[in-house]
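Okay, structure first, notes after.
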């Protein structure tokens, strides 16, 4: 009787969710409306839902915070709190009501309203009253797995960036690109900030999975077993069982998608295994053939997709306030509000800026800090004057609270006794405004908690506006002679030649001393990156763009990233643990748009438009690209009308700039498909948040 009643309760709960606008993604996951069979996924979802109702599981992904994170706030001693309605993480003192159960009045009212609706519905259905009514909008994450992995939302962000399935329409065919050129992709295990990085070594050649059979003429969805021929990041090359050595029907897919399952999934969910039509008559005893092929083989863990979804839950939410570097003056920070979260990447809106005055970075980026950080360490911050025209923006209407310190990546503790960095010391550092250069630099100011203000020697600014904050443990600063020892071209100060520059002579001439070697963090993990590996990398000069890229050089833990199709002057140095590099297939997995390589010659007559990207004022003019003039796409007018003076100035740009006009900072342009440009919504009407970032909907 107990076993027979469980399916009935599950069906009734599904009805509850449907009645109040919920979404039963498990039916989509099964891809069969008539299927009434239960599975390990349903059981896990139900158990997780009950545990959360009993208060045994948190509603927020606290376990995703960076390792070693304390459970109390730094300095303040306040306790962390989790909103029982939306799952947001905050401090108890900032939460609403005496019980501190909710982050805002709206969450408290929503919780109460949903509980009443659930209680009324339960009485109408004849269910006995429970001690605690179910909150209908808090369906367990594992119950949303199908819809979550199948679609990360559709449309565009307010800045015009396509997301979800709209981004996939513009998607770059990684599989064909890798296979045609015999490229190798960096394994997922190299990237510590991406989903399931610590379990991806289990994905290997020869592993068996159950996938959708695309070579079938049956009216319903059927499946077949396939073998992994090659792994490239999140993408794998599969071959249906029965084709043996015939590679003509091999196909690529992303292991994070919902149509790839471990062996046994079809049996549990009453799905049919049907061989592809092409080889249907090849064997008469397919069951015996499969048994022989499956003996001793490996497959995905049964909870693979559940863990994938859990690892794609991020603690940052729309409306959280934080401090971020001011892109117009990197020596100071500004107050900003989280507008969008996609795959752990944050779109931030400056509080005192326009609706398109945004900044993209990863949640573990060293460029963002909790509110109060600048004042605490002695860093400059721009006084915020809230703009009246931003009052109606969704992100500002939904301000929850300040992002608490333990949501940010924890920096290494430093000990200043026995000698520390001093003002005036010289070192080598990656130029924050031209990330392809390692320059001679000076420590201009020593802040608290191990932070340093550093400037590039010979820089154009004399007022300190180009100072940049690095932590003492940063892997972007190096001791003197680091470049010489590792055969890297050092960018010397103005008036010096790179091939004749000598640190000894320079220190003597400037009457300065080099920072001691022992103060630098020179540890090097076994990161696994090799020259020639392909990946997806953020263009840090235009951080909303993620591009197809190659590891051009490996120097200990330092990687030189080359953007495919672009000249080497756009290369950037990054650390091997940088949160701005991603494995192949990450954009497809999260629904983020990937910028394809710039083709030197058009292979097919494509009718494409190029949307002019909003340029950052401090980055100056854009350098010319390497493709010949005949292959450069025509520019499309920006959505925001340009001033006449800007248009006239743009027309008068000389083909060969004079030395005084050359600006070393470079930015790239974003390429959008014409079909997507036509479907782009008005920038004044942002796409609803729930369609953009489903990983934030609890």
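Every residue, even glycine, has its Cβ placed from backbone N, Cα and C.
Those TrEMBL annotations? Automatic predictions, nothing curated.
The model shown is predicted, which means the values in this text are computed figures rather than measured ones.
Going by TrEMBL, these are the annotated features:
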- 7-18: compositional bias 'Acidic residues' (COMPBIAS)
- 31-42: compositional bias 'Low complexity' (COMPBIAS)
- 46-55: compositional bias 'Basic and acidic residues' (COMPBIAS)
- 612-627: compositional bias 'Basic residues' (COMPBIAS)
- 74-109: domain 'FCS-type' (DOMAIN)
- 1-77: region 'Disordered' (REGION)
- 610-637: region 'Disordered' (REGION)
- 676-698: region 'Disordered' (REGION)
- 172-276: repeat 'MBT' (REPEAT)
- 284-384: repeat 'MBT' (REPEAT)
- 390-493: repeat 'MBT' (REPEAT)
- 501-597: repeat 'MBT' (REPEAT)
Residue counts (helix, strand, coil, in that order) that DSSP gives for the repeat 'MBT' (501-597): 19 helix, 31 strand, 47 coil
The repeat 'MBT' (390-493) in contact with the repeat 'MBT' (172-276), cutoff 8 A, at least 3 CB pairs, sep 6+: no
Tally of residues which DSSP labels helix, strand or coil - the repeat 'MBT' (284-384): 21 helix, 32 strand, 48 coil
Mean per-residue pLDDT computed across the repeat 'MBT' (172-276): 91
Helix, strand and coil residues within the repeat 'MBT' (390-493) as assigned by DSSP: 15 helix, 29 strand, 60 coil
